[in-house]
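Engineer: One structure follows; several queries about it will come next.
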Amino acid sequence: MSVTLDLQLACADTDGLPGEAQLQGWLDGTILGFQEEAEVTVRIVDEAESRELNLTYRGKDKPTNVLSFPFEAPPGMELPLLGDLVICRQVVEQEATEQNKPLEAHWAHMVVHGSLHLLGYDHIEDDEAEEMEQLERDIMQELGFADPYLNDEE
């Protein structure tokens with residue numbers, strides 16, 4: 001059982017980013033509960049790249065915390081490629097500050113949240129959102145973090 005991490009640092013300032021071992025642990029803690037083998041690219045970017053991707057793929061002209069790009073293998077081809085996560089450093093840092101959350105916990109939450117999207121979970125419909133948020137809470141707790149939605153409900 002393994003998750004292979006391809007880490008890409010595409011931001012100007014890499015000081016204070018989660019380390020490869022941290023990212024690997026968060027991916028393992030999320031994905032290995034669903035499948036035995038996977039390959040995931042985590043690309044940490046600045047606001048300009050996040051904004052461009054968010055506009056291109058979601059029609060939103062602003063940077064966002066995490067974008068998930070699931071890999072869809074051609075029919076009949078089985079590959080362990082799960083997909084790509086693109087995480088915007090500045091947005092994650094700003095949200096952690098605004099939400100009074102430890103930065104490490106918010107980084108972990110973005111990896112968990114994005115990984116669940118790669119696994120096919122979504123939060124468009126209320127019932128899907130409840131299921132996904134509960135999975136996030138459970139996984140974050142297993143990883144040693146507080147409920148990521150606690151501050152959102154106050």
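Every residue, even glycine, has its Cβ placed from backbone N, Cα and C.
Summarising the annotation, Swiss-Prot assigns Zn(2+) binding site to HIS113, HIS117, HIS123 and lists sequence analysis as the type of evidence.
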Engineer: Within 8 Å of the Cβ centre of HIS113, HIS117, HIS123, which other residues of the chain have their Cβ, at the recorded Zn(2+) site?
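Structural biologist: Not counting the recorded site residues, we get VAL66, SER68, GLY114, LEU116, TYR121, ASP122, MET132, GLU136.
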Engineer: Of all the binding-site residues given, HIS113, HIS123, which has the fewest Cβ neighbours within 10 Å once its own Cβ is left out?
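Structural biologist: Comparing Cβ neighbour counts within 10 Å for the binding-site residues HIS113, HIS123 gives HIS123.
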